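Right, one structure below, let's go through it.
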Amino acid sequence: MVIAGLTGGIATGKSTVARFFKAAGAAVIDADQIAHDVVRRGLPAWQGIVAAFSRDVLREDGEIDREKLGRIIFNDAARKSALNRIVHPFVFEEMEKQMREIEATAPETVVIQDIPLLFESGMHRKLPRIIVVYVPEALQFSRLMKRNHLSAAEARARIRSQIPIEEKRNLADILIDNSGTLEQTRERSLEVYAMLKRSVSRP
């Protein structure tokens, strides 16, 4: 089994690359989706969030209002850390469970751990290779404004809440440049997948 972490910056196209990997045959473990799943109503992480942030962060149906919670923690490092301490252990536990299942049933698989905040969470230290999806910051900025309908100030604040994409680029073992056409990104993604697949059979 070959394992790689996949990350990028907001609006750099990481999810697009993850889809290309999955279509090629990789098993993609989606940390963001797991983070959504583990905070569903009544689960232990949900209970921890309600205890720490009160029922004010719930929607009418009792699920976590992610937008409201996001606004609370966005400019508050202490509360963001508190949320991460609640949620991350459950996310990591589920990721490990999925890894064990893949290893037991399909050991020749290329496994991609899709983790948006890979460097910010420190998870990169546990992975043998890191793939970074990159675009120059100016393009990241314009794509984010367009995609999320944000003002320049809002987009800038979102980007600055993460490690700069240029720094992530320098930390990458494998780089996928997503500043060209979609087809170019697909071709590069398939090239990387083929390289990883070849290494599965190596001792």
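First residue shown is number 1, and so on along the chain.
Just so it is clear, glycine is given a Cβ too, placed from its N, Cα and C backbone atoms.
What TrEMBL lists as ATP binding site is Ala11, Thr12, Gly13, Lys14, Ser15, Thr16.
Report note: the ATP site is defined by Ala11, Thr12, Gly13, Lys14, Ser15, Thr16, and the residues of the same chain whose CB lies within 8 Å of the CB centroid of those residues, excluding them, are Gly8, Val17, Val133, Asn178.
DSSP assigns Ala11 (ATP binding site) to coil in the three-state reduction, placing it in neither a helix nor a strand.
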